[in-house]
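See below for the structure under consideration.
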Amino acid sequence: MTNTRKTHPLIKIMNHSFIDLPTPSNISTWWNFGSLLGLCLVIQILTGLFLAMHYTSDTLTAFSSVTHICRDVNYGWLIRYMHANGASVFFICLFLHVGRGMYYGSYTYFETWNIGVILLFAVMATAFMGYVLPWGQMSFWGATVITNLLSAIPYIGTTLVEWIWGGFSVDKATLTRFFAFHFVLPFIIAALVMVHLLFLHETGSNNPSGLISDSDKIPFHPYYTIKDILGVLLLILILMTLILFSPDLLGDPDNYTPANPLSTPPHIKPEWYFLFAYAILRSIPNKLGGVLALVFSILILMLFPLLHLSKQRSMMFRPLSQCMFWILVADLFTLTWIGGQPVEYPYIIIGQLASILYFAIILLILPTISLIENKLLKW
């Protein structure tokens, strides 16, 4: 009798993806973030679904409906804060997942990598639209400022912004369409995740050494299922600790004030996970230049496969590149800090220097160091 797991048309796909999948025997904890991102997506879709049952996307009642969820719905406060802080944990996992790919050269699977970058854009768009929905001060002004950036596009900019707004300012039409897009995008993301995995399973996983590991593969289950469960438990522990002890730690107090078009908050800033890109945007005095830098700061990830000039795939045996990679990480922390500061001296110049360094490391310094390391191999 044949095993149903290996013959059933549907279960067979699951089997090849999560059970009998040949996996390198030496992948470290840095490879856990893929499954953790899957978990985050499931948490966000489920909590979001229950929030959508009680939320109203109308400028007059949106803020009140969120308050109603927190006060009157059974465990509504828990669902709301799981969704809000779940987004933060989602982005932490995303940044670590991308950083792992950069460090260990996973970007050489360029189909998988490019789908991943598209996923990053989709998640960022979803998170931005989600931030607008509670209709607090930072929701309203964040939406106004960020959508207004599109007016920098020559010729069609102003028309495009008014088309997105559905009027001449951020109002009811904007909120309704943002809710519609915020609801549908996670399902598109889930479909893209399937494509991401499809491309990954065509090539198999990378491993810390960056070497071909075909001769030393082990089945995914039970080895990595157990390993992933540990990651899942730790993620849930961190998320629940954040929710139950300090749910507003990563939020903005201004968002507890209902949106008021007549009163601008002293410092308009996005959620913490966009601050690095926001700092790059602000570091350029020209509007169009800032927008291009903002888009390119993420789009630059797509150039990684082209900028890989080293003879070795991973940075595991490349100490000079490692050093530069960690300087890049420190630079991103600096940009995140600057993005949350007011636009005044010395923050302006620090932001500009950090932005220049960010692009210089990726486009110039890392490829140059790779070539130097290639020369050192011959010594």
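The backbone N, Cα and C atoms fix where each Cβ goes, glycine too.
Annotation comment: Swiss-Prot describes 33-53, 77-98, 113-133, 178-198, 226-246, 288-308, 320-340, 347-367 as transmembrane segment. What Swiss-Prot records for His83, His182 is heme b b562 binding site, and it gives similarity to another entry as the kind of evidence. Annotation source Swiss-Prot lists heme b b566 binding site at His97, His196, citing similarity to another entry. According to Swiss-Prot, the feature ubiquinone binding site maps to His201, an assignment based on similarity to another entry.
Straight-line distance linking the Cα atoms of His196 (heme b b566 binding site) and His83 (heme b b562 binding site), rounded to a whole number, equals 24 Å.
Ranked by number of Cβ pairs under 8 Å to the transmembrane segment (347-367), the listed stretches 33-53, 113-133, 226-246, 288-308 are led by 288-308. Ranking the binding-site residues His83, His182, His196, His201 by other CB atoms within 10 A of the CB puts His201 at the bottom. His201 (ubiquinone binding site) has His97 as its nearest neighbour among the binding-site residues His83, His97, His182, going by CA to CA distance. Note: the Cα of His182 (heme b b562 binding site) and the Cα of His97 (heme b b566 binding site) are spaced 23 Å from each other. Contacts of His97 (heme b b566 binding site) defined by a Cβ separation under 8 A and a same-chain sequence distance of 6+ are given as Phe33, Gly34, Leu37, in order along the sequence. Highlighted: of the candidate stretches 33-53, 113-133, 178-198, 33-53 has the greatest count of Cβ pairs under 8 Å to the transmembrane segment (226-246).
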